[in-house]
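Database features, via Swiss-Prot:
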| type | residues | note |
| --- | --- | --- |
| DISULFID | Cys53-Cys69 | disulfide bond |
| DISULFID | Cys60-Cys73 | disulfide bond |
| DISULFID | Cys68-Cys77 | disulfide bond |
| SIGNAL | 1-22 | signal peptide |
Amino acid sequence: MKLTCMMIVTVLFLTAWIFITADNSRNGIENLPRMRRHEMKNPKASKLNKRGCREGGEFCGTLYEERCCSGWCFFVCV
């Protein structure tokens, strides 16, 4: 019985702690589903697509490396 009460109190305390310490900025948890829907409608809006890529003639390394804007790499971006 004591263990059950301690577990309930612990869960309530941790739940309250999460709500107290949660980030309350504009891009918080409440806006996350809205942002994800926007990214699904417009995949180019995703932050992952905004990575820097290398232009033609720059050193890239190995074959077909994703760092080139064109997607083709043979030691330099093609």
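Using N, Cα and C of the backbone, Cβ positions are placed for all residues, glycine too.
Annotated features taken from Swiss-Prot, shown on the structure.
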residue	record	DSSP class
Cys53	disulfide bond	coil
Cys60	disulfide bond	coil
Cys68	disulfide bond	strand
Cys73	disulfide bond	strand
## Note on the structure
Cα of Cys77 (disulfide bond) to Cα of Cys69 (disulfide bond), in Å and rounded, measures 8
### Alpha-carbon spacing, Cys69 (disulfide bond) to Cys60 (disulfide bond), which is rounded to whole Å
11
### Task
Determine, to the nearest whole angstrom, how far the Cα atom of Cys68 (disulfide bond) is from the Cα atom of Cys60 (disulfide bond).
7
### Message
Quick check on the disulfide-bonded residues Cys53, Cys60: which one has the highest count of other Cβ atoms within 10 Å of its Cβ?
### Response
Cys60
### Task
Please report how many Å separate the Cα atom of Cys73 (disulfide bond) from that of Cys53 (disulfide bond), as a whole number.
12
### Query
So of Cys68, Cys69, Cys73, Cys77, which of the disulfide-bonded residues has the fewest other Cβ atoms within 10 Å around its own Cβ?
Cys69
### Task
To the nearest whole angstrom, state the Cα distance for the pair Cys60 (disulfide bond) and Cys53 (disulfide bond).
10
